[in-house]
């Protein structure tokens with residue numbers, strides 16, 4: 001991980017005379033603190049940098065108070081280089097000076113520099129306070145510190161006890177958030193349970209952590225204990241429920257409850273509830289949500305439009321999805337991808353590929369990895385080998401995007417579905433990277449489709465080497481291929497192997513639409 005380089009300026013920003021408040025210029029040394037504070041509180045703190053130039057020219061030695069105000073001024077002006085220069089010139093930096101620098105580095109994304117500043121603070125003999133530790137935790141949860149986040153939370157937690165820091169809700173909330181984002185929701189809950197007062201921010205963070213790891217009941221427990229709720233904590237529950245079809249109906253229930261309690265849905269609420277309707281294929285509920293949205297300005301937001309396209313596509317209502325797409329005032333790559341994917345998955349491959357072309361040629365939108373996957377999937381459904389290969393090769397040729405394993409698997413599916421099994425095998429053998437289980441599974445599926453038992457056996461064996469126990473469907477596919485070819489001895493032998501390895505096909509079920517949602521009908525376990 002490499003942090004961005006802190007920009008270094010040759011000189012302080014030159015200002016025009018009209019940009020300076022003449023009542024404050026030239027400043028008297030006795031009034032420097034108040035003049036600096038004036039610029040710190042203003043909307044244009046960068047104008048106060050001229051005071052620093054004035055101090056340097058006069059040779060005046062600023063005291064600690066003025067130094068700290070200059071540091072704040074430079075940080076508010078996003079001039080970290082000058083802030084650090086001022087800090088380094090201080091004879092004995094105070095804890096406040098350290099905290100301002102640490103906060104500035106974290107705010108601007110220079111997390112490693114903030115950690116170095118903390119080390120410098122500890123070596124100086126100063127003791128970090130609650131604010132220092134909360135800023136470290138905030139930095140550890142940023143994208144710049146992904147490699148460090150798992151251990152920093154523990155280190156700060158230990159430091160809290162070592163320094164005997166007084167109970168501080170802000171600090172403990174930051175600690176809970178740090179543990180959640182590093183995947184240690186169990187540690188987060190321990191801290192949460194020790195807190196005397198748990199605010200809604202802390203509860204929301206813990207609920208999100210539980211939902212992300214599938215601990216639905218624990219999330220519900222925290223939600224029920226949260227006495228003062230807000231829209232954000234309701235959103236955490238709705239989003240968490242919407243991720244799994246078996247819980248998506250609860251998302252709608254929470255969505256209704258929050259409005260009964262007087263909370264007004266925001267864009268995140270609407271995006272999540274539309275996702276729940278997608279999971280349930282409950283287009284009637286989706287239409288009601290769209291009706292609510294049409295009374296607000298949010299209906300024109302690109303995020304909402306993309307979510308509605310996805311929802312209608314998953315419900316099989318491609319014309320409704322296209323109607324939403326056409327009326328969107330602004331479209332991004334996600335909007336185009338949702339519509340392309342909707343066409344492909346609902347049996348309209350030609351429309352999907354036409355839209356894929358229009359997106360690039362007429363609108364100059366750069367496809368992302370998912371867009372390419374949707375286009376390749378459309379080629380697989382329509383048996384367009386040449387078009388699929390062209391799209392696959394264009395990823396790296398035209399956009400410098402290295403295909404991922406799912407793109408390779410989709411290309412194998414394109415070749416295999418059309419009956420070109422030898423070409424599919426050759427494609428797999430010539431891959432620049434080692435094929436994963438999805439690639440071999442795609443080949444196995446095609447072999448079963450076209451009755452090539454020998455090649456199916458080869459693909460299955462390679463698949464078993466990579467994931468012998470985690471892909472029961474591969475055993476079933478090979479068993480079905482052998483059965484289709486009348487090789488019942490092979491079927492019996494394979495089933496014996498499955499018993500020895502403790503592999504069983506999960507209970508099959510079908511989703512059938514009802515008046516309000518989907519219902520699952522279970523089959524017999526094999």
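Residue positions begin at 1 at the first shown residue.
Glycine is no exception: its Cβ is also placed from the backbone N, Cα and C atoms.
These figures come from a predicted structure and were not determined experimentally.
As annotated by TrEMBL, repeat 'PPR' applies to 94-128, 168-202, 230-265, 332-366.
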Per the Cβ under 8 Å criterion, with at least 6 residues separating them from its ends, the repeat 'PPR' (332-366) contacts 302, 305-306, 309-310, 312-314, 316, 318, 321-322, 325, 374-375, 377-379, 381-382, 384, 387, 391, 399
Across the repeat 'PPR' (230-265), DSSP yields 25 helix, 0 strand, 11 coil
Over the repeat 'PPR' (94-128) the mean pLDDT stands at 88
DSSP puts the residues of the repeat 'PPR' (332-366) at 26 helix, 0 strand, 9 coil
DSSP assigns the residues of the repeat 'PPR' (168-202) as 26 helix, 0 strand, 9 coil
